Amino acid sequence: MSPEPRNADTATSSCSAEQRRASPVWHPYAHLKTQAPAPRVVGGEGPRFTLDSGESLLDATCSWWCMIHGYRHPRLVHAIQEQADTLCHVMLGGLTHDPADQLARELVRITPDGLNHVFYSDSGSVGMEVAMKMAVQYQYLRGQPEKHRMLSLMKAYHGDTAGCMAVCDPEEGMHSLFAGFLPQHYFAPAPTASFDADAASVQADLDALRAVLESHHHEVAALLMEPLLQAAGGLNMTSPAYLRGARELCEEFDVLLILDEVATGFGRTGRMFAAEHADITPDIMVLSKGLTGGYLGHAATLASDRVHDTFIGDSELHAFMHGPTFMGNPLACRVALESLAVFEEDDYLERIANLNRVLCEELVEDDNLHAHPAVADVRVLGATAAIEVHDADSLEGAADFARTQGVWLRSFGRWLYTMPAYITSPEDMRQITEAMKGWFR
Ligand SMILES: *Cc1c(COP(=O)(O)O)cnc(C)c1O
């Protein structure tokens, strides 16, 4: 995941010309004509991975934001090995197993109060598809079948499957060529108030949201959003006051609130979940990326009692008709349990706070960076930092430069950003911020 169509990879490769020509691998978000050959990764340790050339690179994006423990974490590796020795897979249709059951209990424990039911799937996109289907069926079962559309935000990114494409930003969201293929939903403007904005300053954003709800609520099943941080749509950050206001509007207009915490979940914004900053509980919440520490693909869609209990009924229309083959995969559930245990035992929230301090000092408080003519904005939230430039062209070559500094960066559009693994030391964090700033010197 992550839209990067405008800045094709320019990093040079360490694999031979023949290996390249021979490989049938079709890479994501790549222009087949201009793409540079992909560096070949042979292993990894902590925040770094190693190429076949022996080159070691500090991963500033922890592999699309999911490898929160870094590579080859002994406890996670061991958990997978142990589980593989016991039970690699069994279907969840009509059967259950301890890892699925225990993980569901843990997710209910750590997520905002009231999310008591867990539906598994195998990726963030599918987790969002599940959330949307659940919302539509919930409205149907309540006798409101006309409430079958979504309300999304501009700058949103919710995944690459068809249902998700339809709720990504329709122009910027890299799916515009599929417009004729996709169902139509409603969009409200992206929030503009910053993370620090108070209730008064988010009023204009909330008024814009209210206006769309006033016109279309009778058709809307759910409002969905990436809380506080619209990630792949341009690292747009907003205030907890916006979230609280959105929660209230959903109540007022009888619309469910779906929080897509696929990117923000598991500490990325400085709290375990972004919803905690606003002290709200969504009706449905989607988790993936950090869920398994990135070691296996999996997702969880959590639902409140209100949503879940609506599915208790006599007609066959009450069954939720969804069931990915690999839902609740024991290996994925087991490693997710271990990931959570490490997260809590090793106090990752403290580590994230330390990374946040470095990011603020080195980027937000760097006057030279702000003053650079190419730079439009510098912003930080939790363990996320973005340098936004005026013109995407000024990031052309930034990844190559970072690589000469021992850092793997992957900018997209007008954003040079880092979302490091939480085990990144302050020293390594500075190596990343130096590589980011160095590009502008
Ligand atoms: C990555 C992402 C998704 C999609 O997850 P996949 O596992 O790539 O399908 C959905 N929503 C958000 C906010 C994401 O960042």
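Note: Cβ is positioned from N, Cα and C throughout, glycine not excepted.
Remember, TrEMBL labels are computer predictions, not curated facts.
What TrEMBL lists as substrate binding site is Trp64, Tyr157, Lys289, Gly323, Arg410. Its own atom aside, the Cβ of Lys289 (substrate binding site) has 29 Cβ atoms within 10 angstroms in the protein chains shown.
The secondary structure of Ser125 (pyridoxal 5'-phosphate binding site), as reduced to three states from DSSP, is helical. According to TrEMBL, the feature pyridoxal 5'-phosphate binding site maps to Gly124, Ser125, Asp260, Pro324, Thr325.
Secondary structure at Lys289 (substrate binding site), taken from DSSP and collapsed to helix, strand or coil, is helix. Residues annotated as N6-(pyridoxal phosphate)lysine in TrEMBL: Lys289.
Look at TrEMBL and you will find 1-21 tagged as region 'Disordered'.
Within the set of binding-site residues Trp64, Gly124, Ser125, Asp260, Thr325, Gly124, Ser125, Asp260 have a CB atom less than 6 Å from some atom of ligand 1. A distance of 20 Å separates the Cα atom of Asp260 (pyridoxal 5'-phosphate binding site) from that of Gly323 (substrate binding site). Ranking the binding-site residues Ser125, Thr325 by how many other Cβ atoms lie within 10 angstroms of each Cβ puts Thr325 at the bottom. Distance noted between the C-alpha atoms of Ser125 (pyridoxal 5'-phosphate binding site) and Trp64 (substrate binding site) is 14 Å.
Under the three-state DSSP scheme, Thr325 (pyridoxal 5'-phosphate binding site) falls in the coil class. When each of the binding-site residues Gly124, Gly323, Pro324, Arg410 is scored by how many other Cβ atoms sit within 10 Å of its Cβ, Gly323 comes out lowest.
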